[in-house]
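Each remark here refers to the structure printed beneath this line.
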Amino acid sequence: MKKTLIVLAVSVVLLFVVFSILTSYYTDYLWYQSMEATEVFLKPFLAELLIKGVLLIAGFTFIVVNILPMISILEIPAIRIVQNGEEQSQQSFKFSKKHGIILSLVLGLIWVGALPSIWDKVYLWLNSSTTGVVDPIFGWDESFYLFTYPLLSTISGSFITLLILTALPLAAGYFMLMNSNLYHKKAQAMKYAKTQGAIFLALFFVWFALTRYLGMASLLLSEGSRFYGAGYTDVHARLPLIRIQQVIALILAIVSLVNIRYKQLKLTAGTAILLVLVMVGSGIYSAVIQNFVVNPNESQRESQYMTNHIEATRRAYGLENIKQKEYPISNEGITVDKLQQNQQTINNIRLLDYRPLRQHYQQNQSLGLFYEFVDVDIDRYMIDGEYRQVMLALRELNIKSLADEAQTAVNHHFRYTNGYGVVMSPVNQITSNGHPTYFMRDMPVNSSVDITLERPEIYFGELTNQFVVVNSNYDGVEPYHGEDGVELNLLRRLLYANKFNSSILLLSGEITPDSRIMYHRNIVDRIQKIAPFIELDNDPYPVVANGRIYWIVDGYTTASTYPYSRPTRNYNYIRNSVKFVVDAYDGTVDIYQFDDNDPIIEAWKGVFPDLIKDRNQFPEYLKAHIRYPVDYFNVQSEILRTYHTTNPAEFYNRNDVWEIAVERYNSSEVQVEPYYVTMQLPEGEEQEFILKLPYTPMNRNNMVAWLTARNDGENYGELVLYQFPRGQAVAGPSQVEAYIDQDSQISGQLTLWGQGGSTVIRGNLLTIPINGSMLYVEPLYISSENRSVPELRQVIVYYNDVLVMEPTLEAALTRIFGEGSIEAPELPEPIDPVDPTDPTDPTDPIDPTDPGTIEDPNLRKLVEDINTAFENMERAQREGRWADYGRYLEEVKDLISRLDGNTN
């Protein structure tokens, strides 16, 4: 009985495990099916299954063919013999062919189970093609290093593992036989052991020759004292000896097989000793060449190899086509005329800093405890015919912010399903009290510009981590009209209840035949499910276009085996190969290729031909919002600190290494972050949206260069490095920060604010090139003890040793350059921040006169209707019924208008 219960319990556990596994696979399949991306789910699974299946058969065959001969010797019965008149018994081993087959199968399964996933390497290799770019040592195409080398390395490691797994039971079996008293079997065992030993030696030496072949390639991936890749000693000492080792290993493989018949053990031993001597001598010879040939004249000996390294590193990080130009310092400098000619640049100088701005949005525009602004992004829009730079953020739903008593399954998965709307501000317009103004705000979205938003709901974002069920019968829930989601029936409800460990999916009576379950709603998680082979940028950014909200996410292909390239992080090759577009309402994910010269993304297109679209298919309404990604720019700018020079002598001496400029934020010194700015480049004809970063020489503070990435139109992706003429000093950001600290009036005012209980936050110090000069602009935020949100109170401007601080940028420029230097931009009137005294503002509480004190019955009825409509509006807001919210809001406005008409 006890045994039966144990069997039953084990069976139930196994059944539950199998059910959970099948549930996971089937529900994943349903999701991929709803995304029309089943090939992404099925192809890796089936390919890995096929490859591992073939390897299992091959491994099992290899093991069993080697083990069965030994088993046949052990498979003997116990016998009795008479020796010296006494009866003795021989040892017997209870082994049979069945045991050998089972052991071989187990070892084969262990071998295959220990193998890393290999399907991607196989498929990439099958779909790879040559690029025409070859390494300077062997003349091998770069595709060999990106596709063939990783696959051969995996095969090499797997092969030696199989040899070891097979050799261990063979050695144990023969050891048992040779230490037994099966005297008549020992000779046969010795014969088998020698034959198999010779075969295994031959296979080992073939494997060793393969590793030497890979070792040749790895010389171009190795780290030297001065650079990465093969140097003089590698090419003239190590490489010839590696080739000799490879030849000797192949000779040893042949000799080992010959020894099966001719027993030339001395020849095998002599050749093996020669191989060992060559390996030992390789290290000694290489050290001699390095110390006595290279080191005395290293810069000259390594010159060509440093050139190889510089060129390969620049190519690996997409810097081979960077334009390097001189930015000459103009004697004329910035004049009133030049300022007026660059009026649009001035109009788009970013005074808002994303960090204080996010705090302001969170306090004034969250409009509910459960909404959160995750990030503030920067972009540009054509607003009423003007090219405007803006900052915007999405109002996302943060389910964790609900009150404790509201943390229920119904609220999590049925009621609170989505965020709502966008907040957008011009980068350079500030109210008199230091707050940003708005182009778009509120719920429903209120826009003062010609940007329409017909679908403000955000079902897919950066905080949408929980599954939701849409189109249920729960009261007050807005219907969902998008395409995403998996339809639910009773079986699927059971499966999803198990998948998400949520009983409400099975027990709720409000789920209808029209209900759908939506999951993998976090945009990063969603994209990684669709394209797990792409690394994602850390800053997804929203775009309002075509009446909807879209997310644009940059994707990267990387490799760690690019020849001669310096590694950074865990790769030495990177391309911004694709851009993802995710619809915030229906979750559609589209992938567009943006680098036609990247061999890795071309290979992936061969693997998934229907997954990645061409760049010319990118939607027209989104093209104006493509941004050069900051993460990619950061990697490239870090590489350029050293690799801006292509002169091997300068590279060797490290006498022209740069640093990324530093600035002061709040009270700390930090590296300048790359920042987007709208300006006209020196050779440009119009304003454009660029990404910019300044450099200083190592251990010095003056600015030596600035790197820019162009973003607009056909110029997208073009990198330009502007270098100041040598011998001409240009102030760096940290020097300007020091000038601010040393200015008695400004520093005194900052100290005074600090002593008054306020905190001074120094925003980004922007460097604006105009007419061969640099204009420096830094906003100052003040955060007082009784106001948690910082307010922009002053703007510091520095130009040509003149430093001023004024409440506005216009005032500061006027003080430096005189009247008429700057004109106020002609812009659509932005929406001002909320005025708490304005009873018509939909986000502020309305406190009408007590109806009971009003004698006029018509007025009393109007006030009562206003109260009722406002209560309905608040209830709709709490429950996320935005259509009802908008209707009640219009009703409130209409009633207030009527009330105002009756009282005037």
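For all residues, glycine too, the Cβ spot is worked out from N, Cα and C.
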Given ranges 241-260, 621-640, the stretch to which TrEMBL attaches the annotation transmembrane segment: 241-260
For the transmembrane segment (272-293), sequence-distant contacts whose Cβ falls under 8 Å of one of its Cβ atoms, 6 or more beyond its ends: 232-233, 236-238, 241-242, 244-245, 248-249, 252, 301
Leading stretch by Cβ pairs under 8 Å, where the reference is the transmembrane segment (100-119) and the options are 155-177, 198-221, 241-260: 155-177
Same-chain residues near the transmembrane segment (155-177), Cβ under 8 Å, at least 6 residues beyond its ends: 55, 59, 62-63, 66-67, 70-71, 73-74, 93, 103, 107, 110-111, 114-115, 185-186, 189, 192-193, 196, 200, 203-204, 207, 210-211, 214
